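As written in TrEMBL, here are the features:
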ACT_SITE  ARG170  active site
ACT_SITE  CYS219  active site, proton donor
ACT_SITE  GLU289  active site
DOMAIN    27-190  domain 'FAD-binding PCMH-type'
Amino acid sequence: MKVSSLLAKEGFIFKEKEPLWRHTTFRVGGPADYLFYPRNFLELSRGLEIFKAEGVPVYFLGGGSNLLVRDGGFRGAFISLSRLDFCEPEGERVRAGAGVSLAKLLNFCALNGLAGLEFLAGVPATVGGAVKMNAGAFGQEIGQLVEEVTVYKDGNFLSLSRARLSFAYRFSNIPDEAVIMAVTFRLKKDYQERINERMADCWRRRKKTQPLNEPSAGCVFKNPPGFSAGALIDQAGLKGLRSGGAEISRKHANFIVNRDGARAQDILRLIDFARERVFQLFGVELEEELRVVGEG
């Protein structure tokens, strides 16, 4: 039986040959064979069983930021966790589904007078993706506030306590094969007005320095120890450099923006060129923060 027939038999929500440019902040990328939308943990578990039995590779899709899908698309299934978007207050804690956008989580926290995550205002990510790569800004990181993570691994749901978790710059020790389902954050009580003020301040600071109104995936490279990747690319004279419809942002050199119908290959050329030029000029190796998946 075809994979699509098996999914349909279960009553699952899915699409076939879905263009992934519709689901990434870069607005580029070819089609995935399947795009699956589990509505709860049980649907996710059953869907993964089907894909595994049929030999279908899977990739988990959060908010579509920090991701570049190649022009040939993905021969397998993208699994969108966007339906796992619950937020549950528990005193000074919040438990959030992996598919919750950071914008929704921050607004929920503000309404409930829970402070701590304001520094993430304007980050176009979901809870699962942000925790997996330990998103941060303005000297703070999301991992500092994580108390517990629920993951799905090898057919089982597991709870990882704070004692079992480790975070570093753009890193968590959560294994790639463990899918983040939900995260519990320990926050602090504060007045809603103060929380909103801090969120607005972070948003203003981000808007001044980042091309938030143009399609991008966020920062392309991690900051090397002791350096700013954006400053190195800027000092290399690469701001405004174009390849096809892609351009190294004139506002922040660690961003590549989709100016005019860019293809993934345009973006990859700029990434390779920037990495090579920075190494030639400064002897510093830039490591990608961006994840690249799919076929050329």
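Each Cβ is built from the backbone N, Cα and C atoms, and glycine gets one as well.
If you take the C-beta of CYS219 (active site, proton donor) and look for same-chain residues 6 or more apart in sequence within under 8 angstroms, you find ALA229, GLY230, ASN254, PHE255, GLU289, LEU290. Annotation note: GLU289 (active site) sits in a coil segment as assigned by DSSP. Counted within 10 Å of its Cβ, the other Cβ atoms near GLU289 (active site) come to 18, all protein chains included.
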